[in-house]
Amino acid sequence: MTTWHKWRTIILLFLGSLASIILAISLGAKDISFMTMWTSIFHFDANNNLHQIIYEIRLPRVLGAAFVGMAFAVAGSIIQAVTRNSLADIGILGINGGAVLFVTICFAFYPAISYGWLTFFSFVGATLSTILVFSIGLVARGNLSPLTFTIAGAVIAAFLHAISSGIAIFFDLNRDLAFWYAGGVAGVTWGQLPIFITIVIIAVFVAILLGKQLTIIGAGQEMASSLGINIRFLLFSSMGLVVLLGGAGVAVAGSISFVGLIIPHVARKFVGHDYRWIIPASALLGSTLVVMADLLARIIFAPKELALGILIAFIGVPFFLIVAKKMEGI
Amino acid sequence: MKKWFLPASFTLLAVFLGACGNETTTNEVTSDSTTEAATEQRIASLSIHLTNDLIALDIIPVGSVVGGSLGDFLPQSAPYLKDAVKYGPAKEVDMEALLVSKPDVIVADEEFATANLADYEDIAPVQLFDLDEGTWRDHLTLLGQNFNKEQKAEQFISDYEKKTEEIKAKLDEQFGENATAMAIRVTNKELRVFSTARPMGPILFEDLDLEPANGIVELGTEEPYQVISKEVIGDFDADIIFVVVNNDEEAQKVYDQLTASSVWQSLEAVQKDQIFVVSDQPWLDYSALGNSMAIDELSNQLKE
């Protein structure tokens with residue numbers, strides 16, 4: 001696959017992502033014409049009810065979906081690269097475990113806590129559990145092997161989940177927790193977007209810069225070391241990106257599984273095994289998947305809405321199978 | 001593998017069939033026990049709504065389940081239940097607490113109790129109620145018959161009808177006879193619109209005789225509410241909107257966000273100031289006590 005081919009693929013994926021966003025803003029439970037949608041964006045009239053619907057409800061929701069998809073897909077790609085485990089997702093490094101534990105503790109001891117503080121503590125939990133997984137990885141005999149990481153992550157995740165479950169049962173919090181983690185972008189507001197989009201764009205950009213090193217580490221640590229790559233630095237910085245992307249995604253849309261697992265595979269089918277290309281391709285594919293899934297969740301039984309997670313699996317799996325089958329020869 | 005497979009599957013089958021058989025017999029016992037009437041019995045309630053029906057009949061149960069998300073007795077019944085034992089949420093009843101409270105009889109919601117019926121039967125006779133069948137008046141009347149409080153039940157219902165009539169007249173006067181209404185609840189992640197099913201449906205559309213707004217009937221009666229796209233909230237075109245807002249800071253903040261949006265402000269009901277902000281309790285407690293307190297709350301709001 002030549003570089004030109006890859007550029008062409010990325011441009012096509014970008015156009016696909018843009019088209020999905022435009023489609024998702026045009027369609028919805030409320031019947032609004034394409035022209036009205038267009039004028040509401042470029043000639044917004046605050047007195048026009050339909051313009052308000054587009055601007056206040058659909059735009060933030062669709063943009064939220066696009067960047068949430070981007071965040072989870074890129075986080076998944078990075079984790080799959082550093083653990084050299086193609087079944088890895090943000091759940092595997094104990095990141096969710098730490099976030100859930102902290103949120104559980106907040107609910108148990110300070111039930112009146114505000115949404116903002118919950119988000120903050122879930123970030124703190126995610127960071128601490130990642131540091132914990134790292135320390136175990138570092139203590140374990142010299143080299144930081146992907147296997148050590150995966151095992152340390154799985155063990156810590158199991159341990160943290162056990163503690164959370166215990167607290168949740170004791171304080172009867174399961175319903176609160178389920179609601180906090182329920183995935184969905186219906187509640188995304190303009191207030192959340194600027195900071196969230198900035199975080200995602202910067203993190204994705206940095207991930208692309210790390211792309212070359214991520215590709216090399218995928219070929220084995222000895223090789224990477226002999227090529228002069230500082231493995232600890234790479235692991236620290238990439239895990240930092242994962243916490244940032246995963247944490248910000250969960251804060252805005254709750255836990256949305258599957259995107260981070262499946263999108264990197266689809267991206268590899270499109271652009272090969274170089275992470276300088278996998279990361280932008282994942283970002284665009286992830287955004288398209290979540291935008292389309294949310295669109296379907298809104299319009300299949302409109303005005304009733306379906307759960308986003310169900311739709312992501314529903315269109316993600318067939319899409320994945322088709323891509324896997326079609327590209328077999330390449 | 002294969003050696004143990006056959007005997008094991010037979011054992012499983014036998015256990016399964018045995019369990020089926022058990023359930024039928026306990027069900028018969030149940031229906032027998034409902035016919036017994038009693039006065040000063042120690043009653044254990046495995047439904048927060050039945051608890052509040054009992055309280056309306058001046059019967060204080062020796063113990064009751066608690067509200068699932070609340071983890072405690074509902075605020076409207078808590079003052080009556082100071083000495084009552086907490087059995088945990090209806091889905092996971094604390095058997096030990098139930099046993100220790102030594103009930104003579106257990107009243108329970110069929111929906112949650114059927115799974116563990118045999119265990120409850122071992123502790124005391126069980127009276128099962130299908131809360132989806134009939135209204136709270138029927139449940140109250142039945143409880144009244146079972147515990148010799150028929151008159152109290154009748155009295156409570158007629159008092160309720162009387163005060164509802166007054167509110168109805170006030171609503172008609174203020175909003176016209178054919179005023180349409182809807183009830184919603186907003187959370188961080190979704191907009192929920194209540195259907196005509198319990199808990200909100202019966203009180204709004206039967207007791208207060210309001211007309212369901214456009215599309216409310218279409219939401220069906222299987223669920224208490226449906227998650228609806230925010231962008232069509234105006235299409236319901238309701239004259240009156242009841243907004244259920246929990247009594248906590250977070251819910252208040254989400255409500256403030258809603259009221260600040262121009263889509264909300266463009267609604268006719270908002271412009272005419274025909275919004276009733278109501279709390280989740282007692283409004284979402286479909287019981288004699290709950291609905292009666294909800295009507296009192298509405299009466300106070302109408303006076304203001």
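One-based numbering along the chain as shown.
Even glycines carry a Cβ here, placed using N, Cα and C.
Caution: TrEMBL annotation is automatic and unverified by curators.
Among the features that TrEMBL reports, transmembrane segment is placed at A:62-83, A:90-110, A:116-140, A:147-171, A:191-210, A:231-263, A:275-297, A:306-324.
In summary, the transmembrane segment (A:191-210) lies against the transmembrane segment (A:275-297): three or more C-beta pairs, each 6 or more positions apart in sequence, are under 8 Å.
Counting residues 6+ beyond its ends, the transmembrane segment (A:306-324) has Cβ neighbours under 8 Å at 182-185, 253, 256-259, 262, 265-266, 269-270, 289-290, 292-294, 296-297, 300 in the same chain. Segment contact is absent for the transmembrane segment (A:147-171) and the transmembrane segment (A:275-297), given fewer than three CB pairs below 8 angstroms at sequence separation of 6 or more. Beyond the transmembrane segment (A:90-110), the same-chain residues lying 6 or more positions past its ends with a Cβ under 8 Å from any Cβ of the stretch are 72, 75-76, 79, 83, 117-118, 121-130, 132-133, 149-150, 152-154, 156-161, 163-164, 167-168, 170-171, 173, 176-177, 180-181, 239, 242-243, 246-247, 250, 255, 257, 260.
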